[in-house]
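Among the features that TrEMBL reports, region 'Disordered' is placed at 1-26, 608-640. As annotated by TrEMBL, transmembrane segment applies to 133-158, 170-198, 218-242, 299-322, 334-358, 370-391, 485-510, 522-539, 576-598. Sequence annotations record features per position, and here TrEMBL assigns domain 'Kazal-like' to 411-465. Feature annotation from TrEMBL assigns compositional bias 'Basic and acidic residues' to 617-640.
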Amino acid sequence: MQHKLATNPELLATPTHAKRFPGESRQETRYLTLKMGMTGPPTTASKPSHTEEQPRRCAINPFHSIKFFVLCHGLLQLSQLLVSGYLKSIVSTIEKRFGLSSQTSGMLSSLNEDQNLKSEICSVQESSGGYDMLSLLIVGQLLLGIGGVPIQPFGISYVDDFASNRNSPLYLGILFAVSVLGPAFGFVLGSAVLRLYVDIDKLSAADIDLEFGDPRWVGAWWLGFLMAASFVGMVSIPYFFFPKEMPKEGSRDPEGGISTDKKLNELKSKQEDVTQGLSLLQFIKSFPCILLRTLRSSVYLLVVLAQVCMSALMSGLTVFIGKFLEQQFTVTASFANLLIGSIHVPGAVLGILIGGAIMRRFQMSLRGSAIMCFAAIFASICATTPLLFLGCSTQVVAGINDNQSTLNRTFGLELSCNRGCSCKDYAYNPVCTTDGVEFVSPCHAGCMSASFETDGKVVNYANCSCVSAQTLVKPGSCGSGCYKLLLPFMIFLTLAGFVATFCQTPSFILVLRSVKPEDKSLAIGIQFMLFRVLAWLPGPVLYGSAIDTTCIQWETKCSKKAACRYYNLDLFRVRYIGLQMLFQCSAFLLFLMAYYFLKKESLRREQQTKMTTTDPRFGEERKKLMEQESETKLQLESKA
């Protein structure tokens, strides 16, 4: 019998009088045996042999690994925001295609009321299917917004629940960084498809009269949606296989089992969660109390409002940054999207990763996280300030801003030199003279003839009554002449985004740690609700309205204002960058106030600690509390 015990690991791990239930592992049986006071074989034989397979569920099933979830969720967020970034990259093209104002395109981006959008396009040419196409685009954006509501709140809460406290900031930083890569890919995708003509599916290359770079060029904005939708469908498949709960990272003992302390903590947290096991009606009745308890946290409320300010900033900045670059520096929509996707957005990704790594490396407290947040925002404000001065004034356009009397004219471009030409105001084919004066069309310049190349391309126009005989008139816009300032502008813009995103991970850690564990999911839900109501919906509309106030000449369709042709670029730059700095300053003050309340709370706890160490009455109460906690732990241990 002794020989059998020495050579049979199963007999060593399971005494003959201990019954193993079906599906029960040897380790669980050994644990129950020890808890029941059974005597077993020598301790040297209690460990299974090296050849015995250990029941490690995470090693077998990747869907029980939080790391694999971070990978899948990062891809899902990337695909969702790729669609969002792609829409922002084609805003100026959609405005040109359907004759929309910036305010209206901002409404489209923020998924606002579609009736307001439809009223502006009135009778778009039915042959182009413009009305139906824009209606489909609006419905698609609404569905995308509805489907994307739970993605980020669910992912953040799930990672924080099942990742270790040490790795949670790093995982959240990775999720945020991958999310920011989504708009980057969206802008790059927009840059690629806008090089193709909008009717590429109907016309051959030989039938397209316009060339890429022409002010009248409209890119194939619809093509990117087909590619992005396919990607979203593929990355959604793994979510059918993830469990509702998984083992918390780092909760296994060296032998592969769940440690007792971790079990006790999980049971204790479940007992503290008052919402566990409640019916729907009971939860609805208790919801107001839980909501008030969450909102009464000063730190939580201030940090969320600061995040709302930064979200409003980003929602408007990203929607119109491509248009801003097109107007200020006279670049194509494709090149502007390429700059944003390859320079600006990767800088923000790097900032998020570094912020998360700093949090993990130094194990920052809540006060340290608040300091990191307002310091990052202050540095971003300093980097944004030079952007107010990096730009040029609007080029001189005859009949629009060539003198003060015609400033802000909406209708009528007739001059004395072209009065007999019967030029149409809706005609838009800009030409530029060698003197640097731009005309809306050759007709408005009074031109009677043109010189052509062998392939039919116009070289220049001649016999123009509105310019001197020695002045050449060439096709195309004169531009703002600010291309040389594009590089320093992108450097400061990328630097501002890089340092601002340092606060992304610390701010979310502040949100998660400033409320009770049982209120965490609700707190994240409230946070993203405020994002949508106060930032993502009104942000693009606010930016679009501010941009529209700088327009000095509108295109007309259906006898109403449509897209803007020319802006006062100085006002455009000041109001666009000024709004950004306004939101930055607000976020800075709110993070500073959050730090003040955290410091105040820390001082109060220090005073309470001193009182407990000096007053014997507190010592006795503390002893009683420790005894009660010990009894509770024993009860929980017996349940475990």
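Any Cβ shown, glycine's included, is placed from N, Cα and C.
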Helix, strand and coil counts within the domain 'Kazal-like' (411-465) (DSSP): 6 helix, 19 strand, 30 coil
Other parts of the chain folded back onto the transmembrane segment (485-510), taken as Cβ under 8 Å at six or more residues beyond its ends: 156, 168-169, 172-173, 176, 180, 299-300, 303, 306-307, 310, 325, 328-329, 331, 339, 343-345, 347-352, 354-356, 358-359, 364, 366, 369-370, 372-374, 376-377, 379-380, 383-384, 386-387, 390-392, 584, 591, 594
Two-stretch contact, the transmembrane segment (170-198) and the transmembrane segment (576-598), at least three Cβ pairs under 8 Å: no
Candidate ranges 299-322, 370-391, 576-598 - greatest C-beta contact count to the transmembrane segment (522-539) (under 8 angstroms): 299-322
Tertiary contacts of the transmembrane segment (576-598) (same chain, 6+ residues out, Cβ under 8 Å): 298-299, 302-303, 305-307, 309-310, 312-313, 316-317, 320, 324, 366-367, 370-371, 373-374, 377-378, 380-381, 384-385, 387-388, 500, 503, 507, 510, 542-543, 546-547
For the domain 'Kazal-like' (411-465), mean pLDDT (0 to 100): 80
